[in-house]
DNA sequence: TTAGGGTTAG
């Protein structure tokens, strides 16, 4: 009789213990999930230790995640190293922690350790590894991870594939991003956004808008704020004001206008599309502007030559205790450079480190070289350029900047040196040749011009023609450098330019870029000169309110310098009696490539 | 228990 009773007691006790164990277990997990500060995390850690649960992988994983959430990656690592049997979640959580802590390299190094430990990665692990490659823009490692994804059978996983699309986009391999995207068996708003972003960030804004249109046509989902921010960015990169406004409308309809990131993208888009007043309107509606919103507005104002506005915005930002970053200072220096505020610019350069703890680097010094160069302080600019330690890409920008300034001020000696450095960097080589050639032409050194042109032909260096465009209603009209003279309305345009040139000369214009003075320069150089003309022309059109309520705006390079104001006044007179004003639809597209209505 | 997408520059 006693035996069954004893068994019952034992069962009851076991159940009691098990319930207690389970209750305690969940209690600890709840505590770990709710930890919002390091004190409660340490207390929870201590409870886990006392209860003997530290050897339990599941509980330790919760603790790792708690430290990761609190950005205590070293505590998470210490705990991980003490675990007797970390599983795939332990490894993945720590890797994700390193990514969040800005150490993606450590995440990848950990993934290699994980492979050696024979723990098998899962879809979460792959997504984390791919994210690390994306941040590092490491295409080689990214491809290796992709190969493992295929081998281990995760090619149909939505999150893993979306991460791959993003990674290929960030590594500038858009074709591969598209290939992965096309092969996906199912997609969601994240995968579509990744593809749109891949295009937008790789100078393929038209494809980005095309994908966005497809997303809308398929009625898959509503665009969210992530997607809209990317689409706005694509519009900005294309200078497509109409599309940008349509996107803005969608933002308002979907109630995403209070999102700071979307608003910052809009501020940037309007500035790049020639409507800085809209930028300001959007900016002033942001309730708590971040450093990025301020920087967008500072840069936007700077593009329009409103240097003092940029500086005021900077002061306002500091007064609101918003900490500037390195890019804010690029904007400030750029603003000073384009508004001739050299002393203010040099003062800000000094204050960067002293007041704000940001050490100026090559990009800041490049702005200063530009600032000095524009105002003719070529010698100082040259000495500064020589003293800066730069990587290859940065060097191309630095010497390219100095080259432009030396051409502008006719310093052939410095132009020669800057071109040499630029050609050595193996970037913008054709631009360097053409600019140097023009510097020689300006100085009347025709022998050097011809010898440089021969060298270009011999080495096969070809200068891509630049272009400008205007947007009328819902269509863009493109002017390609070199096209003006050969297009159907070319004679009229050239006539217009000559008239403009004459009028400007009459009013004392002495600059070298507008006049047809380089008639003896060979073909490539002429292309650049004519390109400048067409740009000026487009620029002038952009400032004119055409009758019948049609406004023509210039989408690119809208600079309100003195020359442009002058050009505006003059070309207004000319255009008023030109057929293009009376019948705007006859304003031809000077076709060299495709140009269609790209509104969505 | 762990994972993916967005904004600012020369």
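Including glycine, each Cβ sits where the backbone N, Cα and C put it.
Feature annotation from TrEMBL assigns domain 'DYW' to A:514-600.
The repeat 'PPR' feature in TrEMBL is assigned to A:56-86 (among others). Long-range neighbours of the repeat 'PPR' (A:56-86) within the same chain, counting only residues 6 or more positions beyond its ends whose Cβ lies under 8 Å from a Cβ of the stretch, are 25, 28-29, 32-33, 35-38, 41, 44-45, 48, 93-94, 96-98, 100-101, 103, 117, 119.
For the repeat 'PPR' (A:87-121), the number of residues in each DSSP class (helix H, G, I; strand E, B; coil) is 26 helix, 0 strand, 9 coil. The annotation repeat 'PPR' is assigned in TrEMBL to A:87-121 (among others).
Tertiary proximity for the repeat 'PPR' (A:157-191) is limited to same-chain residues at least six positions away from its ends with a CB under 8 Å from its CB atoms, namely 123, 126-127, 130-131, 133-135, 137-139, 142, 146, 149, 197-199, 201-202, 204, 207, 220-224, 226-227. Residues or ranges marked as repeat 'PPR' in TrEMBL: A:157-191 (among others).
Across the repeat 'PPR' (A:290-324), DSSP classifies residues as 26 helix, 0 strand, 9 coil. Marked as repeat 'PPR' by TrEMBL: A:290-324 (among others).
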Secondary structure content, the repeat 'PPR' (A:157-191) (per DSSP, counts of residues): 26 helix, 0 strand, 9 coil
